[in-house]
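Right, one structure below, let's go through it.
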Amino acid sequence: FLLLPFYNHTISFLPYLPHRPSPTPVTGVLDDCLCDIDSIDNFNTYKIFPKIKKLQERDYFRYYKVNLKRPCPFWAEDGHCSIKDCHVEPCPEYLKMANNTKELEDCEQANKLGAINSTLSNQSKEAFIDWARYDDSRDHFCELDDERSPAAQYVDLLLNPERYTGYKGTSAWRVWNSIYEENCFKPRSVYRPLNPLVPSRGRFFICTFSCLCLEKRVFYKLISGLHASINLHLCANYLLEETWGKPSWGPNIKEFKRRFDPVETKGEGPRRLKNLYFLYLIELRALSKVAPYFERSIVDLYTGNAEEDADTKTLLLNIFQDTNQMQFNFKSLIRLKIFSEFRLHFKNISRIMDCVGCDKCRLWGKLQTQGLGTALKILFSEKEIQKLPENSPSKGFQLTRQEIVALLNAFGRLSTSIRDLQNFKVLLQHSR
């Protein structure tokens, strides 16, 4: 999932760049949004990132309940490795029969790096029971089905950081191919490889990107931005070497250039990064719009520790206050009129995440997908949020604990991506 190369979104009439451009991957103003990228960088670096990082370390946002055992609803799973605890990367039987040592080593490494650390203290487990009892006592009007599944379990996100796992191949390609080809209002002018693992001429379509209506173009950019963010996490937290069982993680400039360099991507890298900024602003806008929901005294971030809970809510409200300082002209959101179609496509994408073969990749894929879905839910519920009663639940709009945790952690991932991109800009300048 993480190692899958981007589709080469090259328009058929785009000329190959004859010279190497500036090492800065992306600058200027975003399309569909009159926002300057430099101002977003500064805002994120000095205002948002330090606070969102601190928030993610709080107990309320540190633990995420997820079901990693749901079967893929769209295609049959491949055979799994026979090594102990191998439940991450499928290892085809032919590799074992061929005794391909290198391939088997890669597979075993993918399992090791992609495995979930399920370590939880007894104190934490007891706290989760209390949290569930507290949530059940609240008057909620919406519920995510998967939260009640017996197979769902709490995962410590700090013990399972999103980074390189070695997950790649046909399985990873098939996941993103399904997302782009079937659920993403894709522009038909772009080049799509039939399979990145097999030499192919690919295929071209007639329609240009501009032929998509604004709403569909927004949806496509959101998914592309999510893809860019995930790949940035991989490049910034890459397994550089492993000696004596002690892995060394850090930024991989070569991998970054392969995915985002204007020359190596035939001009598409900057567009991918612009879509990342676009997604960042969409979720930032959602945070600013949902602030009134959390400002009510009836809403608390319960963990059982009253003092910590109060501090956590104060920090969250402080982040919401900062979001209002970022002024931008986002006409795209005003014109989103196809809520039911958005919801249908996005629900289908969230189900595709159950087809991801790497447990750690599936964890972060499901979390970030749910976070973006929650952001869209907020943006489509702006009128309901404005009418919320102060001291009683509202049937018009509610957020579950799961949605809140996913929303803030997903935005935290985007904030980290923007910060990592600044680091790569510096590294590229030094390398030149």
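Glycine too: its Cβ is placed from the backbone N, Cα and C atoms.
As annotated in TrEMBL, CYS358 shares a disulfide bond with CYS361, one of the listed residues CYS355, CYS361. Taking the C-alpha positions, the distance from HIS227 (FAD binding site) to CYS361 (active site) comes to 12 Å. Put simply, of the binding-site residues THR165, TRP176, SER224, ARG259, the one whose Cα is nearest the Cα of CYS361 (active site) is THR165. Here the Cα atom of CYS358 (active site, nucleophile) is found 8 Å from that of THR165 (FAD binding site).
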